[in-house]
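A.B. asks: For 80, the entry in TrEMBL reads active site, nucleophile. Marked as Mg(2+) binding site by TrEMBL: 80, 331. TrEMBL lists 82 with the feature active site, proton donor. According to TrEMBL, the feature GMP binding site maps to 82.
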């Protein structure tokens, strides 16, 4: 890309206001000594770009569209159960962690010292990848690059240099090593389930204990043992018993979920539930008076009945439900949504509880200022890198360092270890890529439907491609205030 120099400015004697500086552009060449001062001035002009009133722009209870979809066309609503119809409190994750930890100690004969580890609610985020052979938990972007500063072995970060060395001198992980279509690669696994948060924390805690005590371990066996212990909590029904004993303690938004279902029923919409949870746990009609399976051949599905086992293809054959008249909601992008959208043409809605707290962070003045200045610095660095004298290089280096500090600060606002579930420093995460691919709409909870008329049409916003970005950045990042360097971008060829 050939960059033509901007219209030259004379170096100021004192820091001017933006409007004054922009108005006094002259056509005299910059003197070498004046150039670093001029570069610094360009930075100061952008320091206070955030106008009042641009925070709190995003609504945590909104529904966001990846694809255009009209609820008017939807006749049938389907739901997953866990973390879709039922949202659980964080106490459940602590119970899963503690129980699986004790299973490791009592049944798998792991060290008693593991009892000192408790669940850390803010440690992991959903969508992380785990390299079984390297015992490395990390965040990967949509282009298969590890975000430096987000790789952990146990509960401690791994130095960027070591991460790059582990992957042959690069941050990139080749496709053949990565997760397959459903997040299960040969040696790298992706944690897409909300229930995987206690699993990741337990995995990191056990590795932390072994490293701190100098205990050698087989990475593959350790991963399998922890995975099996977590699975026992679910398969053996322990989790469901805890919830049934104290539903008010564990289940959130129950009244709102009821309101959604009641509203759909009153509008004569067809509803169905598909879940791996046992039928006795889900509060609907049982199979028979004794709760036993019936052995009649199933030729059709009847309203109000419960059916166990079977598969998706039989379900589709018996119902004939195909295409955009069906909208199915689930929290797991792979097992809940992928096949339904790609193979059967259903419309899909992703439930992403993490969306609400992340939007509340995005709406803060601290985040908005950090993002605006980060974007402005990026533009300055790109535009001004043509100046290669020693003093100007020093200015650019300090800008680069400041940009990196702001990126780290912004990451830490979401999660000190791994940052946002949706972004690395500038790219979408691997999770975001799958979210966009497998869902027509996404929202924090099913209760967000209560904010919309059932004939509402969701329109995705036209977001800029990179070759369109210069036309957007002054509006998106500075609240419709033009950035000083934007009009100079027309000189880029």
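Placement of Cβ uses the backbone N, Cα and C atoms for every residue, glycine included.
Fair warning: this is a prediction, and the values are worked out from it, not measured in the lab.
Are these features on the surface or tucked inside, and what touches them?
C.D. replies: In sequence order, 273, 274, 275, 328, 329, 330, 331, 332, 336, 351 constitute the residues six or more apart from residue 80 (active site, nucleophile) in its chain with CB-CB distances below 8 Å.
For residue 331 (Mg(2+) binding site), other Cβ atoms within 10 Å of its Cβ number 23.
Around residue 82 (active site, proton donor), a 10 Å sphere centred on its CB holds 25 further CB atoms from the protein chains shown.
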